[in-house]
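A short write-up of the structure that comes next.
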Amino acid sequence: MTFKFKLSLPKLLIAIALMLVGIFSISLISRTGLILFNSNFTSIGLLVSGLIFYSGIIVIIMMFENEILLAITLLFPSIVAVAIFVYGFIGWSIRVSLSKWKGLNPDFTWVGLAQYRELFHDPRFLIDVRNTVMFTVLFIAGCLLIGLTLAILLDQRLKGEAIFRSLYLFPMSISFIAAGVVWGWLMNPATGDRTAGINLIFQKLGLTSLISLWHSTPQPWGMAFTVIPAVWMLSGYTMALYLGGMRAISDDLREAARVDGASEFDIYRYIVFPMLQPVTLSAVIILGHMSLKIFDLIVALGNKDIRLDVPGIYMWVTTFDGTNYAQGAAIGILMLISVAVLVVPYLVQSMRTETRL
């Protein structure tokens, strides 16, 4: 690594000014503590002051005209933040899950895997795991099927394709909370009236046999109906993945197949679908990790039946309502492991593929 320092008086003055402002602000806040406000403002003030000081360091590094050194300097705060607020908190959660901390007073007495053993003997947690498996399977299957169907339709180069593509992708722009609230009204209005919302449409069409309690229905159909809003939101995203994969396939392959007498069905079956396998794998990984940690959508739907719970809700209830922090941390670690089992092998394989290329 070579260093080439090029002194610039304006940059040097700016750097010194930023560093002095940062040091003065940190000193002032540390002494006064922003008594006029509260501790939250003190923390924010220290953070902003630190960033101002670090900006001065960046300006000095820029004068060395070394891209690698500048890149390291710019990335350093992010690396530290990720190390502390992601991996540091994961380590903290593991420590808590191996203790018997229950109640408002911390208790880090080592109990080993006792919290995990207790969870696997807890009927409610086992129901939550079963619900998650059902939700994941139905969610992935629904998104893949609908997304692939929409992608095939758009692959026909229809007029107004951009409009349809935008319409299919629009639900993804809505948060799970908003979608859950709206779908909760549609499937189970707050009035409890079975002839309102979606059921009202069935009643008007004379399809009274389809009137249902939807996600309020006891297992197993309750969890199956809960999947509907999630599929509605993410099937457009899956469509975009598949459509991008289809458009990446050379038209020469399709033309050669047509010359050989292949029908459109044969082209999709023997050419397009096999070449979409990497896209399908990516979609399964992305959708799978989203479904394994689902929380906000289930809460927003407003169903209080614990038979339709998922581990995320149980973790929240255990930790904050039951103040059983050790067991709540154990649930969180198990959720992390389930996602890691799905994602890590895919990331490793992707890195190996990129290395070969």
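Every residue gets a Cβ built from N, Cα and C, even glycine.
Per TrEMBL, the feature domain 'ABC transmembrane type-1' maps to 129-348.
Under the heading transmembrane segment, TrEMBL lists 12-29 (among others).
Here TrEMBL flags 41-61 (among others) as transmembrane segment.
Nonlocal intrachain contacts for the transmembrane segment (68-90), taken as residues 6+ away from its ends with a CB within less than 8 angstroms of a stretch CB, comprise 1, 3, 51, 54, 57-58, 61-62, 333, 336. Feature annotation from TrEMBL assigns transmembrane segment to 68-90 (among others).
The transmembrane segment feature in TrEMBL is assigned to 133-154 (among others).
Summarising the annotation, TrEMBL assigns transmembrane segment to 166-186 (among others). Residues 150, 197-198, 215, 228-230, 232-237, 239-240, 296-303 of the same chain lie 6+ residues outside the transmembrane segment (166-186) yet bring a C-beta within less than 8 angstroms of a C-beta in it.
Taking Cβ pairs closer than 8 Å, the transmembrane segment (221-246) reaches residues 131, 134-135, 138-139, 142-144, 146-148, 150-152, 154-155, 165, 168-172, 174, 176, 179-180, 183, 187, 212-215, 272, 275-276, 278-279, 282-283, 287, 290-291, 294, 297-298, 301, 303, 305, 307-308 in its own chain, all 6 or more past its ends. Residues or ranges marked as transmembrane segment by TrEMBL: 221-246 (among others).
Residues 139-140, 143-144, 147, 152, 234, 238, 241-242, 244-246, 249, 253-254, 257-258, 342-343, 346 of the same chain lie 6 or more positions beyond the ends of the transmembrane segment (267-287) yet place their CB under 8 Å from a CB of it. If you look up TrEMBL, you'll see 267-287 (among others) marked as transmembrane segment.
Taken from TrEMBL, the feature transmembrane segment covers 325-348 (among others). Within the same chain, residues 90, 93-94, 96-102, 111, 115-116, 118-119, 125, 281-282, 285, 288-289, 292-293, 311-312, 314-316, 318-319 sit at least 6 positions outside the transmembrane segment (325-348) and bring their C-beta atoms closer than 8 Å to a C-beta of that stretch.
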